[in-house]
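Chemist: Dumping the structure here so I can ask a few things about it.
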Amino acid sequence: MKSFNIAVIPGDGIGPEVVEEALKVLAVIEEQENVKFHYQYGRLGGCAIDEDGTPLPEHTVQISKAADAVLLGAVGGPKWDQNPSHLRPEVGILGIRKALGLYANLRPAITYECMAKVSSLKEEVVAGVDLMVVRELTGGIYFGDKKRFTSEDGKETATDTLIYQEDEIDRIARKAFEIAMKRNKRLVSVDKANVLESSRLWRSIIEKVAKDYPEVEYSHMLVDNCAMQLVRAPKQFDVIVTENMFGDILSDEASMLTGSIGMLASASLSDGNFGLYEPIHGTAPDIAGKGLANPIATILSAALMLRYSFGLDQAAQRIEEAVETVLNRGVRTSDIAEDREKAIGTKEMTEQILSVLTGK
Ligand SMILES: NC(=O)C1=CN([C@@H]2O[C@H](COP(=O)(O)OP(=O)(O)OC[C@H]3O[C@@H](n4cnc5c(N)ncnc54)[C@H](O)[C@@H]3O)[C@@H](O)[C@H]2O)C=CC1
Ligand SMILES: CC(C)CC(=O)C(=O)O
Ligand SMILES: [Mg+2]
């Protein structure tokens, strides 16, 4: 029997609530595929600050490195917002991405047919959206030097450095072109090359890499225009490749094309099969502990894990189809409900998905 090691990092807020649901789905897949998943649990973010005195305990890095894949909830919350910068939960998530070399963050945004009317945008604008944001994940302004100081004229001052080296851009560009080759062979590279030197370097590397993928129709777009185009005419996009912060922002925006941020899964990859899988959303402090969170983003992240890290493509597809079937039946958590009175909770949504998956 094949077996896989999974590091499970529930995190904070709704993180543990949605990870618990994804694990229920994986338990069904174990039976159906005759495979075994071995779990090791680690702390990250706020809960790790409280328990271990650091947002990124060494134990969590070790179990993640030893695993075939990592399943993560989300980290952070108001409890730790006033902490000094090295003791913030977000240092944990950035640190683990860096420690595991996860430079490519894939964020697919697909609007299921029955969900087009749920989006805050017009149905005809979002129906049929199927795009992939490929976000550079271990470079850029989130990782550059940060400083806080009093300047010579006595003013409180802060700086964040946006730094990219050519090889960092080259590898994410190749990843994105490869993905475009397997999709509709259209790629838009998003930058701010009219202002930022780092974007001008980005653009020149994209141009070079594009020569190796002559079949891919590619173009450049400035990030402010892209933010607008995503809500004006999102179906023009197939693959979007962009740097870390732009990708973070644009993918939250893209999630609303699908109905809710609670729908968007992600895979963070390096060069091999190893990956970290997490919903794109955060810890949702406003609904944490209430049993209201939509578990679909995390369940679909587990499906991506089966596909990209374990090669269990059919199992991944069955999960995706089960999610779509449940949505087609009108089953809704409150974030995607047209009628909130009829919305169900986190666990009930999973039960519905499990029922389709098992046929029971
Ligand atoms: N990867 C990670 O660990 C991330 C962590 N965060 C952290 O999360 C905390 C909260 O950040 P926010 O800006 O509020 O973003 P958020 O994504 O946690 O929440 C934004 C809004 O979306 C809703 N929402 C998010 N996920 C949902 C789900 N599964 N079902 C239903 N509704 C959902 C929330 O209720 C909230 O109204 C912060 O500490 C932030 O740093 C934010 C993004 C990613
Ligand atoms: C919490 C941040 C560091 C990251 C983020 O918002 C994201 O990866 O989506
Ligand atoms: Mg984000």
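Glycine is treated like the rest: Cβ placed from N, Cα and C.
A TrEMBL annotation is a machine prediction, not a hand-curated record.
Features from TrEMBL:
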BINDING   GLY77, PRO78, LYS79, TRP80, ASP81, GLN82, ASN83, PRO84, SER85, HIS86, LEU87, ARG88, PRO89, GLU90  NAD(+) binding site
BINDING   ARG97, ARG107, ARG135, ASP224  substrate binding site
BINDING   ASP224, ASP248, ASP252  Mg(2+) binding site
DOMAIN    5-353  domain 'Isopropylmalate dehydrogenase-like'
SITE      TYR142  site 'Important for catalysis'
SITE      LYS192  site 'Important for catalysis'
Chemist: Could you tell me which of the binding-site residues ASP81, ASN83, ASP224 have their C-beta within a distance under 6 angstroms of some atom of ligand 2?
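Modeler: None, as no Cβ falls under 6 Å.
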Chemist: Please classify the secondary structure at ASP252 (Mg(2+) binding site) using three-state DSSP.
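Modeler: The residue in question, ASP252 (Mg(2+) binding site), is helix (DSSP, three-state).
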Chemist: Of the binding-site residues SER85, PRO89, ARG107, ASP248, which ones put their CB under 6 Å from ligand 3?
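Modeler: List returned for ligand 3: ASP248.
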Chemist: How many Å lie between the Cα of ARG135 (substrate binding site) and the Cα of ASP248 (Mg(2+) binding site)?
Modeler: 7
Chemist: Using a 10 angstroms cut-off on Cβ to Cβ distances, just flag whichever of ASP81, ASP252 is the loneliest among these binding-site residues.
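Modeler: Checked ASP81, ASP252; of these binding-site residues, fewest Cβ neighbours within 10 Å: ASP81.
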Chemist: Roughly how many angstrom lie between the C-alpha atoms of ARG97 (substrate binding site) and LYS79 (NAD(+) binding site)?
Modeler: 23
Chemist: If you count other Cβ atoms within 10 Å of each one's Cβ, which of the binding-site residues GLY77, PRO89 has the most?
Modeler: PRO89
Chemist: Provide the number of Cβ atoms within 10 Å of the Cβ of ARG97 (substrate binding site), excluding the reference atom itself.
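Modeler: Excluding its own Cβ, the number within 10 Å is 22.
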Chemist: Quick check on the binding-site residues ASP224, ASP248: which one has the highest count of other Cβ atoms within 10 Å of its Cβ?
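Modeler: Answer by Cβ density within 10 Å: ASP248.
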Chemist: Compute the C-alpha separation of LYS79 (NAD(+) binding site) from LYS192 (site 'Important for catalysis'), stating it in Å without decimals.
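Modeler: Roughly 35 Å, rounded to the nearest whole number.
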Chemist: Ligand 1: which of the binding-site residues GLY77, ASP81, ARG107, ASP248, ASP252 have a Cβ closer than 6 angstroms to it?
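Modeler: If the test is a Cβ under 6 Å from any atom of ligand 1, the answer is GLY77.
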Chemist: What's the longest C-alpha separation between any two of GLY77, PRO78, LYS79, TRP80, ASP81, GLN82, ASN83, PRO84, SER85, HIS86, LEU87, ARG88, PRO89, GLU90, the listed NAD(+)-binding residues, in angstrom?
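Modeler: In whole numbers, the farthest two Cα atoms are 16 Å apart.
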Chemist: Please identify, from the binding-site residues ASN83, SER85, the residue with the sparsest Cβ neighbourhood, meaning fewest other Cβ atoms within 10 angstroms.
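Modeler: Comparing Cβ neighbours within 10 Å for the binding-site residues ASN83, SER85, SER85 has the fewest.
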Chemist: Which one, from the binding-site residues LYS79, ARG107, ARG135, has the smallest tally of other C-beta atoms lying within 10 Å of its C-beta?
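Modeler: With the binding-site residues LYS79, ARG107, ARG135, fewest surrounding Cβ atoms within 10 Å: LYS79.
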